[in-house]
Amino acid sequence: MTTAAQIPGLDAAPTKHARLLAWVREIAELTQPDRIEWCDGSESEFDRLTSLLIDKGTLVQLDDEKRPNSFYAASDPSDVARVEDRTYICSEKAEDAGPTNNWLDPAEMRTKLGKLFSGCMRGRTMYVVPFCMGPLGSHISALGVEITDSPYVVISMRTMTRMGTPALDQLGDDGFFVPAVHSLGAPLEPGATDVPWPCNSTKYITHFPETREIWSYGSGYGGNALLGKKCYALRIASVMARDQGWLAEHMLILKLTSPAGKVHFIAAAFPSACGKTNLAMLIPTLPGWKAETVGDDIAWMRFGDDGRLYAVNPEAGLFGVAPGTGEETNPNAVKTLWGNAVFTNVARTDDGDVWWEGLTPDKPAHLIDWKGRDWTPDSTEPAAHPNARFTVPASQCPTMAPEWENPAGVPISAILFGGRRATAVPLVTEAPDWQRGVFFGSIVSSETTAAAAGAIGKLRRDPFAMLPFCGYNMADYFAHWLEIGNKADPDKLPRIYYVNWFRKSPEGRYLWPGFGENSRVLAWVASRLDGEAKGTETPLGILPAPGELPTEGLDVSEADLETLLSVDTEVWRQEAELIPEHYNTFGDRLPAQLWAEHEALTKRLNG
């Protein structure tokens, strides 16, 4: 076995951070790489690694006139998405992981990982990737170091985080960092030929909350391998936030400016496929209103000296789902992708560009699909994988707000929760207080089956849109949200809204056009925040009063508007009856306040 001292590169460490150096030495001795590289995040490093990946067959450079400095990658067909069944929260006690997470005894998991990681980087380079989540120098930001044997991960981390020398400088000689180890699990024996996308059929995405560690094995795919994203920014950060009195949330952040120049910053949590990125890059249809982007996926929020919640976007890039992103659905996302992008599992055009379903109304006559096969419009399978991705600097988005990198963060005025609901849930409902808002967040759901008329389809709960991402017991997470409200000045807390863009008629027709028209709902929210709209009380919460939602130029019938802006008490009685089954999942750890909210809702519906 090679000792760490014999591995080239360890002695070239550009840091005196004792804990970091000891950890890198320990992982090097375990994984046995051929060499160690300390990543500086420079352009020359990026150019060298992309050239290496092109030579390996992992990347294909796209036409430089059509997509400057952009690349295409196709993954192994077995490695295309987050692997929730292989994702573990290894807290000291099983009950601290809770019923919504996979748990394994941490000692048992460490034994498994020790065996898997032993020698797993043989024949490969071990890259040490220091990174900052959030703007450099911000008190809301936090640091991490990822060790990986994937140059694809290194170039992606350069886009998604503030990576390299600036992060290492901020770490200093004794700063806190989250250690994150990643391996493809594909050691190369001497003389063996590498494959374009190395991975392993055995996969573990493991988090140790108490020690703030992340270990990921077997996958090269984004969410499993870019450990700053969901693993750190949500799963580990949610535990840090619980312990330190802040919030790490699966939320977009947008800046809304009224025609009068009044600004509000709004955070919003939606499960996947519910329009989060589209709302983050909203183009308002309402004249005079302006929407700008602060973040499209994750928000870290801490209290400022003035008692308000301030948010930063911890990411530096966008890691978006390509299919369905097009000129009609999200033109700002398309404009963002002009260059400096890596596309994974999309299709390639004959002229050196990329394409995916939804990018353009017309399909190209011929493509190379994500599996490398010829594709025509007559092909039976999609040209791009449904979870095909793009990685691109957020700074290229034409709607980025100037405040998006403000180290102080932005003050949040309102928080929206929403799912994909064909029935029951109105277009917008304001919670009269923080506790009701937490109740709304705790019952967020999407319908997975169509409903019969006057009934509710099968629901998939995704509380706070955090179901796959909460790093501890979700009942304790609800309690943490309630505690955040208890210790704050109620007048300075963001107001909470429950929204639903996806209501349908009994015939299955969408009642609300969504997309840019959602600016009308945001305008009503702003008018509530400014004390202008009075709203109307309902058993659920406060809805727009007749005439308050701006409808000029809106192609929605009066009857549909009435459905969208009312609470059907009979349907909501059915809805309320479904909540205990969800709450009982959490046993006696569920906060009593949420049961009280449920009981009060039932009384109001029957009153």
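Glycine residues also receive a Cβ, built from the backbone N, Cα and C atoms like all the rest.
Predicted, not measured: the structure shown is a model, and the values here were computed from it.
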GTP site partner of ALA273, CYS274, GLY275, LYS276, THR277, ASN278, ARG389, PHE515, GLY516, GLU517, ASN518 (as recorded in Swiss-Prot), chosen from ARG242, ARG420, ARG421: ARG420
Per Swiss-Prot, member of ARG67, ARG82, ARG86, ARG528 binding substrate alongside TYR221, GLY222, GLY223, SER272, ASN387, ALA388, ARG389: ARG82
One of ASP194, ASP243, ASP296, ASP297 listed by Swiss-Prot as binding Mn(2+) at the site of LYS230, HIS250: ASP297
ARG389 (substrate binding site) to PHE515 (GTP binding site) - Cα separation in whole Å: 21
Where ARG389 (substrate binding site) falls in three-state DSSP terms: strand
For CYS274 (active site): intrachain residues, at least 6 apart, with Cβ closer than 8 Å: GLY418, GLY419, ARG420, SER446, ALA465, TRP501, PHE502
LYS230, HIS250, ASP297 excluded, remaining Cβ within 8 Å of their centroid (Mn(2+)): LYS229, ALA233, LEU234, ILE298, PHE469
Among ARG82, LYS230, ARG389 [binding-site residues], residue with fewest other Cβ within 10 Å: ARG82
Secondary structure at GLY222 (substrate binding site), reduced by DSSP to three states: helix
Between SER272 (substrate binding site) and GLU517 (GTP binding site): CA-CA distance (Å): 20
Taking residues ARG82, TYR221, GLY222, GLY223, SER272, ASN387, ALA388, ARG389, which bind substrate in the record, the widest Cα spacing (Å, whole number): 17
